[in-house]
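First comes the structure, then the notes that go with it.
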Amino acid sequence: VPHVKASFFTYMLVMCVCVGGFLFGYDTGVISGALQPLQEKFGLSTVQKELVVGATTLGAIFGGFFAGLLSDKMGRKILVIISSVIFIAGALLLALAPSYGVLLLGRLVVGVAVGVASMIVPVYVSELAPKHIRGRLTTLNTLVITFGQVIAYVMNIAFASVDNGWRYMFGIAGIPALFQFIIMPFLPESPRRLVITNKLEQAKSTLRKIYGPEVTEAFIENQVRLMLDDVNSSSSSSFKDLIHRDTLRPLIIACLLQAAQQLSGFNAAMYYAATILQMAGFRSNQNSTSVAIIVSVTNMVFTAVAVSVIDWAGRRRMVVITMLMMIAGLISLGATFAAQQGFIPKQDSCSGYVTHCARNDKAITGILLTSLIVYVASYALGLGYAPWLIQSEMFSNSVRGKANGVSTAVNWICNLIISTTFLSMTDTLTSAGTFWFYAGISFILWIGIYFLLPEVNTINITKI
């Protein structure tokens with residue numbers, strides 16, 4: 001494939017990826033700093049807070065599921081446009097929410113958009129991008145998600161002491177969505193979608209746009225022929241093929257990795273970062289949110305490191321080693337909370353911890369922040385990025401869509417479990433007990449991954 005100069009079209013494509021990933025990151029991260037002001041405004045109970053956090057994940061499960069079903073029927077492009085409209089509607093509902101019910105509805109609506117975008121944007125991009133930048137764009141999407149979370153935390157800090165600041169935190173998400181809504185009509189439908197609907201001439205003209213005038217007609221014809229073959233082999237596959245001996249093992253590995261990604265509790269740290277730090281004695285919402293940004297910046301920086309070293313270090317080695325570091329970070333986090341609060345369920349004020357009201361102990365706070373950074377950094381180096389990469393490499397074309405759909409559903413369901421139980425668990429198991437529980441589950445999953453995951457670079461485990 002000739003290395004054509006990046007065209008206007010390529011830049012538009014990159015912008016489109018960036019907006020989808022950014023909104024995914026922003027809307028999942030922004031709740032961390034909005035939770036405290038929401039509690040003050042609406043007088044939320046523990047369960048109500050968990051529902052506000054979990055509603056977006058629940059919406060994402062449905063959004064992702066329907067996007068999977070509709071992407072072949074409606075096309076990629078229209079679904080990206082629909083997701084931007086849903087993002088705008090969700091941002092408006094949240095920014096203007098007069099009551100807890102509307103707030104919950106807004107979070108659910110935003111979740112549907114997150115689910116659609118997280119499913120359709122990577123598919124759309126991988127089908128549109130010129131081959132030589134395809135891998136880089138997929139990687140960019142992962143990085144932009146973490147960047148969206150950082151910006152969400154910056155907005156949390158900016159509006160922490162503003163009256164009704166949470167409305168701005170949520171409302172700002174509507175701006176990039178509007179931008180995406182304006183850009184999208186200028187981009188073509190994906191060639192693969194055009195091939196599916198038998199619009200072969202349109203598919204060829206889109207491919208010419210993608211690769212530029214330098215490529216030959218024979219090259220374009222060949223691309224269309226490859227797509228036709230691929231579409232025919234995928235349409236002949238069914239979910240029954242997933243339990244075929246050659247596909248079942250990769251599917252189990254993919255589901256195991258996605259479950260480990262969520263059940264390690266990372267999203268509890270992401271969604272409840274400010275809350276966790278308030279438990280650790282950072283009194284004001286402004287303070288705890290400012291320190292919470294460490295979580296998202298660490299995640300972004302180490303995701304970038306993971307992206308640059310994973311090919312050289314190997315998928316398996318990265319996951320196996322970083323998971324052990326992550327488990328050590330969780331055990332240490334639990335230990336610092338135990339030293340600080342004892343095994344007393346979460347109290348509303350420091351005096352509730354009686355003898356363990358040692359919350360201003362600088363040394364303990366230092367160890368706690370160090371443990372949190374070790375935990376987040378090791379997550380970003382391994383489980384944050386590797387499961388998506390590995391799952392994109394393990395399946396043959398004929399079952400890839402269905403297999404990815406199943407393992408991504410596992411990811412969202414485990415995410416929902418974590419996001420809707422974290423506060424209740426700290427109430428009953430204590431903060432220390434909760435982090436140790438995550439460490440225990442991670443260790444069990446680590447054993448499964450250790451024995452099942454081959455080095456994907458060297459062993460192609462799908463010879464279908």
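For all residues, glycine too, the Cβ spot is worked out from N, Cα and C.
TrEMBL lists 13-457 with the feature domain 'Major facilitator superfamily (MFS) profile'. Per TrEMBL, transmembrane segment is recorded for 12-31, 51-71, 78-98, 104-125, 137-162, 168-187, 251-273, 293-313, 320-343, 363-382, 403-423, 435-453.
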Distal contacts, the transmembrane segment (251-273) - CB-CB under 8 A, six or more residues away: 28-29, 31-32, 35, 53, 149, 153, 242, 288, 292, 295-296, 299, 319, 323, 326, 330, 372, 375-376, 379, 383-384, 386-387, 390-391, 394-395, 403-404, 406-408, 410-411, 414-415, 417-419, 422-423, 434-435, 438, 441-442, 445-446, 448-449, 452-453
Paired segments the transmembrane segment (137-162) and the transmembrane segment (78-98) in contact, 3+ CB pairs under 8 A: no
Interface check, the transmembrane segment (168-187) with the transmembrane segment (12-31), three or more C-beta pairs under 8 A: yes
